[in-house]
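Undergrad: Once you've had a glance at the structure underneath, I'll fire off some questions.
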Amino acid sequence: MSTTKLTRREQREHAQRFIDTLAGTAFPNSRRIYVHGSQADIRVPMREIQLSPTLVGGDKDKPRYETNEPIPVYDTSGPYGDPDISIDVRQGLAKLRQPWIDARNDCAPLSERSSAYTKARLADDGLDELRFSGLLTPKRAVAGKCVTQLHYARQGIVTPEMEFIAIRENMGRERIRSEVLRQQHAGEGFGAHLPENITPEFVRDEVAAGRAIIPANINHPESEPMIIGRNFLVKVNANIGNSAVTSSIEEEVEKLVWSTRWGADTVMDLSTGRYIHETREWILRNSPVPIGTVPIYQALEKVNGIAENLTWQVFRDTLLEQAEQGVDYFTIHAGVLLRYVPMTAKRLTGIVSRGGSIMAKWCLSHHQENFLYQHFREICEICAAYDVSLSLGDGLRPGSIQDANDEAQFSELRTLGELTKIAWEYDVQVMIEGPGHVPMQMIRRNMTEQLEHCHEAPFYTLGPLTTDIAPGYDHFTSGIGAAMIGWFGCAMLCYVTPKEHLGLPNKEDVKQGLITYKIAAHAADLAKGHPGAQIRDNAMSKARFEFRWEDQFNLALDPFTARAYHDETLPQESGKVAHFCSMCGPKFCSMKITQEVRDYAAKQSIEAGMADMSNNFRARGGEIYLKQEEA
């Protein structure tokens with residue numbers, strides 16, 4: 001990892017150059033494909049990795065090859081992964097879902113913004129240079145209508161978003177013909193239902209039951225539909241956002257694009273610094289993935305960082321502001337109740353959630369119940385009008401191994417289950433946030449408790465970190481826990497970067513965190529037995545055994561690092577066709593030796609077969625033609 005430290009000005013200039021030169025880019029030897037649905041505007045993007053053929057025989061002059069079919073993989077990069085699409089972040093992305101939203105005739109443009117804060121920002125000419133120029137006119141559900149995907153699902157309606165998701169979740173595996181690639185071990189799903197083929201109707205059923213959510217605000221039409229649920233692929237979230245001391249709008253847009261390139265299924269904007277409103281607008285207009293926020297952060301900024309001065313009115317205005325910009329899901333810490341706060345007094349690390357600590361301080365200062373809990377039904381009404389999903393925050397999550405699975409954590413979890421049922425009364429989509437810091441032997445209980453008390457709503461966890469002794473490597477400590485809880489049924493994993501507990505992550509940290517968590521999510525899919533999850537592994541193993549080095553690089557989650565590590569010791573082009581690597585060398589490569597053994601065994605088998613035929617021939621008297629026996 002590079003240790004070169006850029007100045008603040010250099011970081012911002014680098015981000016500006018990135019934005020100015022941004023273009024759709026494919027991974028090495030990959031191409032963008034689109035799988036079409038039942039109507040012309042359902043075009044589901046995937047990345048197809050092209051592979052080289054396998055040498056199967058012949059001689060030096062006339063070698064004989066066998067084709068290796070391309071491998072389709074899930075792609076979160078949106079237009080940024082398509083070289084044929086022109087990118088201009090100042091214009092934003094195409095509004096993919098706008099025709100679907102308009103066709104439902106259940107929402108209408110607003111004549112003015114509902115948020116007083118938004119109105120004030122728009123009236124401030126001093127912000128013109130920072131403001132995204134192509135502002136949308138926000139929409140809201142018309143009176144008496146509900147615009148959530150949960151509402152449609154409960155009405156028996158299969159939306160275009162649901163069909164898009166069904167195609168996407170199947171990952172193009174119906175295109176794979178090779179029996180070698182299709183082989184897969186049986187998994188242990190711990191009660192998950194994983195059909196061989198995901199249909200739009202199955203997606204609808206899961207959403208209707210509350211077991212899955214489709215974060216898709218009607219004011220974020222640029223987003224490509226995706227789903228979060230135990231019976232689908234495990235998803236990964238990346239956190240970005242500025243702080244009071246670092247980052248800029250340019251850098252956050254760069255981190256957004258970078259996150260989607262490296263596999264972020266959703267992105268949370270956790271900005272706490274200046275220009276939060278303007279930064280979020282730039283992010284939303286350029287994001288092909290759902291965007292989540294923690295509204296209490298911005299609400300706190302509006303009262304100058306003094307938690308005691310927070311009010312429901314300020315928070316409500318913040319919800320309206322963000323919903324009309326297009327935020328797809330809100331983290332709401334409504335389960336931090338006044339009576340739970342004393343339970344944290346005996347903890348080693350107390351309350352470590354920012355949102356949880358803000359609400360705990362407010363409750364103690366006023367000696368009143370959490371206003372998010374008291375006004376939860378009003379929160380649901382707002383979410384239902386824009387289709388903002390709720391991510392019920394775990395404000396009392398454990399911040400150390402010592403505090404794992406304690407009374408405070410599980411008391412809050414049970415309250416989140418109660419709030420889930422209330423949200424469902426309003427047809428609002430819900431997922432539940434989880435820990436945190438949990439040792440390996442205690443992780444599964446978190447999943448079983450959540451399923452029981454939160455009625456199978458999707459679980460979304462931060463890790464969990466399995467040990468506290470590795471600052472600088474907490475993407476590893478948490479990746480272990482993430483893989484485990486993903487296997488047990490967690491639907492989405494919030495990444496942890498190497499900077500966890502140390503500082504705000506930069507672009508390279510974002511990549512490191514995402515690669516770690518894509519590994520964890522994929523390992524969980526394999527363990528669950530998700531249909532088709534093993535195809536890419538099989539393709540990699542076949543390429544590895546056949547010494548197809550270029551294919552090994554290209555099939556990797558990070559082709560660039562794989563190639564760089566190989567080329568550190570074998571940089572010559574001849575090293576890309578060598579039947580060994582620098583680990584063992586030519587004489588001790590186990591796969592080379594195995595191939596020689598296999599070839600020898602095959603040759604021996606042929607020779608033995610020829611000998612048997614020769615013996616049979618002589619036993620029959622050496623006659624070329626045998627007389628037919630009479631009946």
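Counting starts with 1 at the first residue shown.
Each residue, glycine too, has its Cβ placed from N, Cα and C.
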Undergrad: Out of Glu418, Glu425, Glu433, which one does Swiss-Prot list together with Asn239, Met268, Tyr297, His333, Ser353, Arg354, Gly355, Asp394, Gly395, Leu396, Arg397, Tyr460 for substrate?
TA: Glu433
Undergrad: Among Asn239, Met268, Tyr297, His333, Ser353, Arg354, Gly355, Asp394, Gly395, Leu396, Arg397, Glu433, Tyr460, listed as contacts of substrate, what is the widest Cα spread in Å, to the nearest whole number?
TA: 20
Undergrad: Can you give me the same-chain residues 6 or more apart in sequence from Asn239 (substrate binding site) with a CB-CB distance under 8 Å?
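TA: Non-local contacts for Asn239 (substrate binding site): Val267, Met268, Leu270, Cys494, Tyr495, Pro505.
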Undergrad: Could you state the whole-number distance in Å separating the C-alpha atoms of Tyr297 (substrate binding site) and His501 (Zn(2+) binding site)?
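TA: Cα to Cα, Tyr297 (substrate binding site) and His501 (Zn(2+) binding site) are separated by 18 Å.
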Undergrad: What is the one among the binding-site residues Gly355, Gly395 whose Cβ has the most other Cβ atoms less than or equal to 10 Å away?
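TA: The most densely surrounded of these binding-site residues is Gly395.
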Undergrad: For a three-state summary based on DSSP, what are the helix, strand and coil counts in the region 'Disordered' (54-80)?
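TA: Taking each residue of the region 'Disordered' (54-80) in turn, the totals are 3 helix, 13 strand, 11 coil.
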Undergrad: Sequence gap of 6 or more, C-beta under 8 Å: which same-chain residues meet both conditions with respect to Tyr460 (substrate binding site)?
TA: Ile228, Asn237, Ser391, Met431, Ile432, Glu433, Gly434, Cys490, Ala491, Met492, Leu493, Cys494
